[in-house]
Amino acid sequence: MSKVYKHHLFWPLCVLAALLLFNLLYSPDFFSITLHDGHLYGSLIDILNFGAPLMLVAIGMTLVVATKGIDLSVGSIVAISGAIACLTISKGADQNAFGLVTFSILLAVGLSVILGAWNGLLVSVAGIQPIIATLILMVAGRGIAQLVTDGQIITVTSSSYSYIGSGSLATLPFSIFVVALALIIALVLTRKTSLGLFIESVGCNPTASRMAGIRATVVIFSVYIFCGVCAGVAGLLLSSNVSSADGNNAGLWYELDAILAVVIGGTSLNGGRFYLAGTVIGALIIQTLTTTIYMIGVPPEITLVVKAFVVLAVCLIQSETFRSSIRYRRQKKQGSVKKEVARRVS
Amino acid sequence: MYLNRKYIPIVVTIMLFVLMFAVGSFRYTGFFSFQVLMNLLIDNAFLFITAVGMSFVILSGGIDLSVGSVIALSTMISASLVQQHGWSPAIVIPLVLMMGACFGSVMGAIIHYFKIQPFIVTLAGMFMARGLCYVISIDTITIDHPFYTAMAQTKIPLPGGNSLSISAVIALIVVVIAIYVAHYTRFGRNVYALGGNEQSSLLMGLPVARTKILVYTLSGFCSALAGVVFTFYMLSGYGLHAVGFELDTIAAVVIGGTLLTGGVGYLLGTFFGVMIQGIIQTIISFEGTLSSWWTKIAIGLLLFIFILLQRMLSARRSAQKQS
């Protein structure tokens, strides 16, 4: 029993289950899923579909956080990649042409690679603190996105482009498959190769890992590129879902939501260990929370207050000092040393 | 000429400001006037005040992401109490300032006692303050109380037909007090020591807990004061006021030459950092054809240059130490 209790996914899953249970009690048809013209409809599908960009960004962020870094620029990369893709498509003669859409997607992803590499370069080669290094692109990137869209909202009428964000494959939204692909790539790379171990060791102690023969700079550099690509693809999903790109507001606050998802998932901001599955559940929790708040009719802005409490609670639980102070108090109350010893041994 | 290396960033900042002002003066007619400089003070009064609080936080080795939201919350509380509940500004303003200070001190206490990164705690504070704005109201509340309109419209005449607003005077007073506190009081020295090395300050017997909490209290207070000044400027309370303002503030502090790892920097540098941000906006508005997003790109570029400069300076310093 204590094994289940100690598992890192236990608490995130509990929170998710509690949220879903609340929704079930509040509106019994929350779980109903209907099939319409080969598409599945229902609140659960919506949560998966709308949560897809966040999950994607959070997966990239997890690896960055695992190296004791942070990437604040993901929101801006989301905006830039969506803007570039929509601009390219809107300039084309036939917006539905497959070649044009493919080209625009490749262009956006290529640009995200460059932006991610820029971050990686600043952090790994120039040795600037991650918060500051990515702050540059966060500020300037928003400006670049507005420059690309000229401050307007670019609308596209391309059914092939909107397939990415709102089309469905085998009755499920296509975006879910994109997320699944990214998750599988990340899982295979980090759990089946030694790359995961390298990332964790760099997060624990970059100098020591360099001494041990790990090329810390290369690991950090590639992690930021991966995060950039994830953010770029998330930007494509987001802009194709609404068939438009908004340089001002697309991806605003995404970095914060993504960090929140990572932290809820059990990854410590101190680096050194990471849980990709936890992150995905964290992102789902955030999306379910948002959906729930919309559903019960509370003004959506109040979500922020709830999020604040969630962040604080999760951080307090992770804080060693806080846990030990609670433990100390409990110990004093019960006065049984035996239990404590037994708990530590297990 | 001998120049101490620790003065290089601040000298670069001041020279950059002078250079930008000179370039502006040559390019645009009407730019070279005392009033343009005064307008920088007037239009950025709230940025000066928040940047002062942020400088202390960054000097102590932390960061405060909640400043923008605290500004919004103070405009919202002021507007709601004055307009909708008919309270007197004489009660509301001290109350708002107290609230800001309390907000900051709670965050500081959590950061210190539970050893959670300042980044994430103030992030929670940012969500919290922003959310509380919407709990009060989702719409804009316009203020037409005579006291606020008087504060907004009063101009203090200066020789030569120039003028300053009351907000700008408040900002200047705050900057002067901050320079005194940072460089001539025990608290200021403690902040620098804490930013230099927390472990050493603790071993030296400095009051680390008190200093750390006070720094965040000060930042909260400054944000609330900036919120009050912002209400004078905008004459309204709104939950979307000052969105993304924390980044402008951090950028101003960094451009001012303060090291983000803490312990190194000058309040005067922050003053010029804000002035540089203001002058970029002025140049862009004088240019006319450039759009507002060029401000962001220019600030991002400046950030990059300054961070790289600091990086080079500190790298050379550590290389010297090793040899």
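The backbone N, Cα and C atoms fix where each Cβ goes, glycine too.
Taken straight from TrEMBL:
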TRANSMEM  B:7-26  transmembrane segment
TRANSMEM  B:46-79  transmembrane segment
TRANSMEM  B:91-114  transmembrane segment
TRANSMEM  B:120-143  transmembrane segment
TRANSMEM  B:164-182  transmembrane segment
TRANSMEM  B:213-235  transmembrane segment
TRANSMEM  B:247-280  transmembrane segment
TRANSMEM  B:292-313  transmembrane segment
Checklist entry - Of the listed stretches (B:46-79, B:91-114, B:120-143, B:164-182, B:292-313), which one yields the highest count of Cβ-Cβ distances below 8 Å with the transmembrane segment (B:213-235)? => result B:46-79
Checklist entry - With an 8 Å cut-off on Cβ pairs and a sequence gap of 6 or more, do the transmembrane segment (B:164-182) and the transmembrane segment (B:7-26) reach 3 or more such pairs? => result no
Checklist entry - Do the transmembrane segment (B:292-313) and the transmembrane segment (B:46-79) come close, with at least three CB pairs under 8 A (pairs 6 or more apart in sequence)? => result no
Checklist entry - So, does the transmembrane segment (B:120-143) come close enough to the transmembrane segment (B:7-26) to give 3+ Cβ pairs below 8 Å, pairs being at least 6 apart in sequence? => result no
Next on the checklist: Using Cβ atoms and a strict cutoff of less than 8 Å, what residues sit near the transmembrane segment (B:247-280) while being 6 or more residues removed from its termini?
Outcome noted: 6, 9-10, 12-14, 16-17, 20-21, 24, 40, 43-44, 47-48, 50-52, 54-55, 58-63, 67-68, 175, 178-179, 182-183, 192-197, 295, 298-299, 302-303, 306-307, 310, 314
Checklist outcome for this item: Outside the transmembrane segment (B:120-143), at least 6 residues beyond either end, the same-chain residues with a Cβ under 8 Å of its Cβ set are 63-66, 68-70, 72-73, 76-80, 82-84, 103, 107, 110-111, 149, 231, 235-239, 246
Item to check | For the transmembrane segment (B:91-114), distant same-chain residues with Cβ under 8 A (at least six beyond the ends) | outcome: 62, 64, 66, 70, 73-74, 77-78, 81-82, 121-122, 125, 129, 208-209, 212-225, 227-228
